[in-house]
Amino acid sequence: MADRLVSNFKQLASEVNLQDRDFQIAIASILFNPTFWNIAARTEYKTHLLTKLAFNKPKFGCYLLALTIFSLGLFRDYLYEKALKNQASSVLLADPVFRYLGIASFLFGNVLVLSSMWKLGITGTYLGDYFGILMEDRVTSFPFNIDDNPMYNGSTLCFLGTGLYYGKPAGVFASLVVYLMYQIALKFEEPFTAKIYAKREAEREQKKKKSL
């Protein structure tokens, strides 16, 4: 059983055309997006550059960043689907069950993404805390009651679902890259976000002590 799994994995890997220009561009976009928004958000937090460019209005600055990130995401998705057209389909993924799994993965991924955006709003979704726009309470209802990072994991499932639907090993490989990039991004984002909220709580405690 284990030997068969290893053999299948090797076959799938061999069917990914890493030399294809469109696929390389798609992977570059996958690597670029989270890198960009983390650098942009950190720059805003430290220098308020985006707020200054937005006429000193933090919410407007956050909306501009949100529009940029959203647009880059659409462009990345376009590059991904374009790249898959050049890639080989695999007989190992030709069974209809993989097509159904792809549909289920894509739909559930979208549910996670869209429901988390609905609960967080634009500023909560698109790094508003780096602009000083902090949420009052942590969201714990669906989808956050089943997944700590529904935006990232939902997006990964959408990539995987597309790859499985078309039976493309390259899609599975790209989904793995997406997952790894999001895990790296979380290593930077989660501690920094916790630091931002801890600072707010410390400032509130200081104000309470002064008012006593």
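Including glycine, each Cβ sits where the backbone N, Cα and C put it.
Annotations in TrEMBL come from automatic prediction, not curation.
Database features, via TrEMBL:
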type     : residues                               : note
BINDING  : LEU107, PHE108, GLY109, GLU189, GLU190 : S-adenosyl-L-methionine binding site
INTRAMEM : 21-41                                  : intramembrane segment
TOPO_DOM : 1-20                                   : topological domain 'Lumenal'
TOPO_DOM : 42-53                                  : topological domain 'Lumenal'
TOPO_DOM : 76-102                                 : topological domain 'Cytoplasmic'
TOPO_DOM : 124-166                                : topological domain 'Lumenal'
TOPO_DOM : 188-212                                : topological domain 'Cytoplasmic'
TRANSMEM : 23-40                                  : transmembrane segment
TRANSMEM : 60-80                                  : transmembrane segment
TRANSMEM : 100-118                                : transmembrane segment
Cβ-Cβ distance under 8 Å, sequence separation of 6 or more, same chain as LEU107 (S-adenosyl-L-methionine binding site); the residues meeting this, in order, are GLY161
DSSP tally for the topological domain 'Cytoplasmic' (76-102), helix/strand/coil in that order, comes to 20 helix, 0 strand, 7 coil
Local Cβ density at GLY109 (S-adenosyl-L-methionine binding site) - other Cβ atoms counted within 10 Å: 21
Please count the residues of the topological domain 'Cytoplasmic' (188-212) that DSSP assigns to helix (H, G, I), strand (E, B) and coil. 24 helix, 0 strand, 1 coil
Short question: which residues 6 or more past the ends of the topological domain 'Lumenal' (42-53) have a Cβ under 8 Å from it? 61-62, 64-65, 127, 130-131, 192, 196
Counted with DSSP (H/G/I as helix, E/B as strand, rest coil), the topological domain 'Lumenal' (1-20) has 13 helix, 0 strand, 7 coil
Across every protein chain in view, the count of C-beta atoms other than its own within 10 A of the C-beta of GLU190 (S-adenosyl-L-methionine binding site) is 12
Under an 8 Å Cβ to Cβ limit, what residues of the same chain, 6 or more beyond the ends of the topological domain 'Lumenal' (124-166), are close to it? 37, 41-42, 44-45, 50-51, 58-59, 61-63, 65-66, 69-70, 80-81, 84, 89, 93, 98-99, 101-113, 115-117, 172, 174-175, 178-179, 182, 185-186, 193, 196-197, 200
Same chain, outside the topological domain 'Cytoplasmic' (188-212) by at least 6, Cβ under 8 Å from its Cβ: which residues? 38, 42, 45, 129-130, 134
PLDDT averaged over the residues of the topological domain 'Lumenal' (42-53): 96
Give the residue counts of the topological domain 'Lumenal' (42-53) per reduced DSSP state, in the order helix, strand, coil. 11 helix, 0 strand, 1 coil
Let me make sure I understand the span of the S-adenosyl-L-methionine site: among LEU107, PHE108, GLY109, GLU189, GLU190, what is the greatest distance between any two Cα atoms, in Å? 26
